[in-house]
Amino acid sequence: MLLIAGLGNPGPQYAHNRHNIGFMAADEIFRRHRFSNWQKKFQAEIADGVIDGEKVLLVKPQTFMNLSGQSIGEAMRFYKLTPADLVVIYDELDLVPGKLRIKTGGGSGGHNGIKSIDAHMQSFPGGQNYRRMRLGIGHPGAKELVHNYVLGDFAKADNEWLDTLMGAVADNVAMLARREDNSFMNRIALAMGDGNQRPGGVKTDPAQLEKAPPKAQSHIRQARQNQKKPNIPESGPMAEMLKKLLGKKD
């Protein structure tokens with residue numbers, strides 16, 4: 001069995017928060033695949049289904065973000081799962097909006113939901129070696145702005161990339177069931193149009209790259225290139241005198 005946990009805070013007031021992007025991903029997986037109805041168990045909303053022959057349990061902890069580990073640990077103990085059977089989906093400040101990364105193990109990066117899960121995973125064989133799917137939401141630019149930023153709603157301008165990302169995650173979730181994490185990340189990057197992007201989401205026209213302007217030259221080099229060559233006579237008395245001075249032979 002694969003347990004996919006999306007992190008967030010319960011309640012309609014938090015539904016569209018950046019901090020709830022994990023819940024959003026779980027909801028989209030639920031909508032695009034055949035799952036049982038949501039039910040309340042393990043201090044969470046859960047739904048079970050089968051993806052690519054693998055039984056999958058979706059979990060949305062209802063404990064609030066900072067206690068997410070209580071719910072996930074309870075579900076894992078009930079089904080006798082190990083950290084290798086767990087994928088956690090959550091928001092990442094240090095990735096630009098729309099970027100996705102998956103890694104097995106690692107630190108919490110200051111994320112309180114991950115801190116809670118890490119603490120509860122210590123009692124399982126394999127400890128903190130579960131898969132972490134980080135979904136980029138961007139950073140507000142200053143530490144003191146982070147709290148209000150993550151608990152703020154996504155802007156309308158974010159809807160296009162957010163809908164594309166959620167759809168791509170849900171459509172390719174079978175790769176997670178097959179443990180094909182690198183292929184999954186590549187598929188998401190293609191869906192998000194990352195192939196020809198500069199930082200900041202500005203797409204690069206390949207034609208512009210082919211016609212890149214020449215490197216700038218220093219003013220000294222330009223002066224040398226523009227300097228006229230001296231007009232040296234090839235015959236006559238002056239030419240003969242120059243040959244003697246320069247030691248030039250006929």
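Backbone N, Cα and C atoms are what each Cβ position is placed from, and that goes for glycine too.
Residues annotated as site 'Discriminates between blocked and unblocked aminoacyl-tRNA' in Swiss-Prot: N9. N9 (site 'Discriminates between blocked and unblocked aminoacyl-tRNA') carries neither a helix nor a strand DSSP state and counts as coil. For N9 (site 'Discriminates between blocked and unblocked aminoacyl-tRNA'), the number of other Cβ atoms no farther than 10 Å from its own Cβ, over all displayed protein chains, is 21.
Taking a C-beta cut-off of under 8 angstroms and a sequence separation of 6 or more, N112 (tRNA binding site) has the following same-chain neighbours: M65, N66. The tRNA binding site annotation in Swiss-Prot covers Y14, F64, N66, N112, and the record cites sequence analysis as its basis.
Residues or ranges marked as active site, proton acceptor by Swiss-Prot on the basis of sequence analysis: H19. Annotation note: H19 (active site, proton acceptor) sits in a helical segment as assigned by DSSP. Listed in sequence order, G8, N9, M65, D91, V150, L151 are the same-chain residues six or more apart from H19 (active site, proton acceptor) with CB atoms under 8 A from its CB.
Taken from Swiss-Prot, the feature site 'Stabilizes the basic form of H active site to accept a proton' covers D91, and the record attributes it to sequence analysis. Secondary structure from DSSP puts D91 (site 'Stabilizes the basic form of H active site to accept a proton') in a beta strand.
If you look up Swiss-Prot, you'll see 192-250 marked as region 'Disordered'.
What Swiss-Prot lists as compositional bias 'Polar residues' is 219-229.
The compositional bias 'Basic and acidic residues' feature in Swiss-Prot is assigned to 241-250.
With a 10 A radius on its CB, F64 (tRNA binding site) counts 15 other CB atoms from all the protein chains.
In the three-state DSSP reading, Y14 (tRNA binding site) counts as helix. Counting every protein chain shown, 16 other Cβ atoms lie within 10 Å of the Cβ of Y14 (tRNA binding site).
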